[in-house]
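Working notes for the structure below.
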Amino acid sequence: MRSSRHSAGFLGNLRMESVRTILTHRYPYPHEHSRHAIIAVVVGCLFFISSDNMHTLVEKLEDNIKWWSMYACLLGFFYFFSSPFIGKTIKPSYSNFSRWYIAWILVAALYHLPSFQSMGVDMRMNLSLFLTIYLSSILFLLVFHVIFLGLWYVGLVSRVAKRRPEIWTIFQNCAVLSVACCVFYSHCGNRAILKQRPYERKTSGWFHLWRKMEMNSWLAKFIRMNELKDQVCSSWFAPVGSASDYPLLSKWVIYGEGAGSSDEISPIYSMWATFIGLYIANYVVERSTGWALSHPLPVEEYEELKKKQLKPDFLDMVPWYSGTSADLFKTVFDLLVSVTVFVGRFDMRMMQASMSKNGKDGYMQDLFYDQFREKDDFWFDFMADTGDGGNSSYSVARLLAQPFLRLPTNDSLVFLPRGDLLLIGGDLAYPNPSSFTYERRLFCPFEYALQPPSWYKPEQIAVNKPEVPFEASLKQYDGPQTFVIPGNHDWFDGLHTFMRYICHKNWLGGWLMPQKKSYFALQLPKGWWIFGLDLALHGDIDVYQFKFFSELVNTKVGPEDAVIIMTHEPSWLLDWYWNDVSGKNVSHLICDYLRGRCKLRIAGDLHHYMRHSYVPSDQPVYIQHLLVNGCGGAFLHPTHVFSNFNEFCGAKYENKAAYPSIDDSSRIALGNILKFRKKNWQFDFIGGIIYFVLVFSLFPQCNLNHILQDDSFSGHLSSFFATVWASFIYILEHSYTSFLGALLLLVVAIAFVPSKISRKKRVFIGILHVSAHLSAALILMLLLELGIETCIRHKLLATSGYHTLYQWYQTVESEHFPDPTGLRSRIEQWTFGLYPACIKYLMSAFDIPEVMAVTRSNICRSGMHSLSRGGAAIYYASVFLYFWVFSTPVVSLVFGSYLYICINWLHIHFDEAFSSLRIANYKSFTRFHITCEGDLEVYTLAVDKVPKEWKLDPDWDREAKHPQQLSHLREYPSKWSAASPLQDPVNTVKIVDRFVIHRTDRPNSGALNGPVTR
């Protein structure tokens, strides 16, 4: 800390108590100012390119229609491949890798096409210079970082230097630096002394109107930007001097070109050295002192800005179609183990029953709770299927945590207080139960919404539940409590994580968890009961559960009482959909023991809201209302698939409410065509490999003359599709790899079709699905081969060998970059020949189209047997790099279209078609109110749009917090509010369904209130 008077006086003159910056290592990648450098370089590139080539580009347009069409096709594929990453934060991930991957292979393809050369831009010089500077910069910075770490090790710099830089940061900074040098060379030269070039107004047939324009018009000035560019080059980037001015560096610099000035230092070298120096200066200052080279802020402003920039660390929605997610592979493994080991062999519910203690009345005290029985006015909430995306889960948890919600209705405002009880209907974390998913996807949003007590420690287990605060009894505690049943996802590990985090912990955020087992019975006021059933992976309760609940019904539940059955799965909808019968023990309990006292069944599992109420008739009605609400945070499920359900347990039901509506649900499914790849870009890993395997045996296509030699467009088209069909026949008759790949894909596609439909229809749908993929793969393969063949015929590829770019660079290097001191030969001698060899093979590795074309020509001339295994591997790898880019958008389009057709026309794949969309919107929960008369009022509250951006809630931050005060007593219990107040769930929540259930039967009680919105 600075305590000297001199330091204080200096800071006092600056009116700052301390100096801080906001650009520190805590901020997302990339750091060391590379983002600002990217923006500067991009702006500079656009300026220079537009100034030099705007007029030439317009003139040459009509003379290069054929090549411009190839440009459009190539850029179109690359755009659709990279479109999911546009606007995403640059960080070291698949997204950032794809950016550099696209830049690499796109530039490698573009520089071979002739349009740039026709505009006067020599891409070969730019690429060769870029790769040379790029490799040199990486080596230089790596040596610098090693030296800097060595200085830290011996104690010459501060401990902050120990933190190693991101390797992607070094690569990115080197790339930005190299691009800047190349752009400067292309438009300013290696001396920055430019000759005056007269501006000639050339015209073309398309743009003859320019002849009539005056030179003082804004368009003419825009086209003559090259004059401004010349002034910038000659004034801002003039040579820094000659080697004689710096005698110590005379043997270690690069010289500019031109007669009579051979000792003049190259301005490119000056720019490179300046950028390297800025990087080193910034890095040394930041790592040595903790400061970065940015504008300093006073402490008060820094702290205020820090609060504004605080954001919750929410996880995104689970990528169910990710080909690279370890969580999904673990989920599949856990599911296989659970089905194989636990189902029918070991049941955690049996162990729970054997370890339960009997109470005074003979009932298991670990399963029966009556602390709410004596309340007069009682509110409780129900939600299910939370623990997916952080934004959606927190939105629901924030609403649940509010002391009350103010909701407008048709003619008044409704005030709904927070529930004293929260019921959660399973599936607590996706995609599998683990410490990470429970803590980050379940506990994190709920703790932000309603904080646990200050003395609560997450790592501790609860030994003697319930551990009520301040040593009070459970009946005396007036804070919110929660009871939870497990869902199928919670059973994937045999209920291990659920028991550890729910049954052996005290708090879920600010909600007390008295629960000790995975199922329970709650006695509520006015004769209402809740039975929380654990269906496990069987879809039914076990014999011990049945014994407990049946005895409870016979001895405790009165004849006029009303029971709410809570299960995870809505068997009434799923049995109807799958044409199955499940939950026989549950039906036996409801029909033969409760005998009409079950007024309501609530469930989750399906991530939407639907309510079906019975239709009055002469038939016995065992359940009055069927309610499913799985909108607690997981992805959305469709409602239109279940719109025809109307019968359960022999009684007729009608749909009273659906959220989202039937029409909206059908419309949302269209997103599979338009947004599948944007939502599931990690599916690239699977889709690209599948398509490549399908056409693996067809590379290369050496006989394409019949397609290119046709005179008419229809002839080209007919020859093209004839070749596609011939390729398909070749796969069937001669191929091994592609045939086995197609056969395996067909088996998977048929098995993927739900068993809801007949076997013949499944086979038919599977064949159509695979045919679409195979046709798309064959068309893409042929387009790629035609593009390569066209470039070879016009001598743009395969002209000399694998090292074409390096050989050309050698011929122009001595002319444009003279080396009078022999610097290159000295470096080659010191590196034992690695210097030119690395540059040579780096250029060859960069020039993938040349490698692909040369190898293809050799195969077509001498056959595949002429290649070694290494040569064949290099060829197929180079083909895959481009074919992957072409195929991934198409495979997503075909698969997304398949899901759309299935969900909207055939009403199958309801899970697969909506999990792909990863919709965080349309979230809801249900709030219940037991009135003084004993009736049950039901309100379903929903939020159409979930916020994506959050900020620290100023009301929460401003409110005084006492260590011993429980969070439910605060006026503002939730830490985060929406960045836009108009999007905050508290302000956008609405009632989508409202009805009343009478505890005792009354005439015409079946025709109850309908939904507020449909």
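Any Cβ shown, glycine's included, is placed from N, Cα and C.
Caution: TrEMBL annotation is automatic and unverified by curators.
It is 37-55, from the ranges 37-55, 835-853, that TrEMBL records as transmembrane segment. Contacts between the transmembrane segment (763-784) and the transmembrane segment (167-188): absent, as fewer than 3 C-beta pairs lie under 8 angstroms at sequence separation of six or more. For the transmembrane segment (713-732), the partner stretch with the highest count of Cβ pairs under 8 angstroms, out of 98-116, 128-155, 167-188, 739-757, 874-901, is 739-757. Under 8 Å from some Cβ of the transmembrane segment (874-901) lie the Cβ atoms of residues 77-78, 80-81, 83, 102, 105, 109, 669-670, 672-677, 680, 683-684, 687-688, 690-692, 695-696, 699, 769, 772-773, 776-777, 780-781, 783-784, 848-849, 851-852, 855-856, 859, 867, 909, 912-913, 916, all in the same chain and six or more residues away from its ends.
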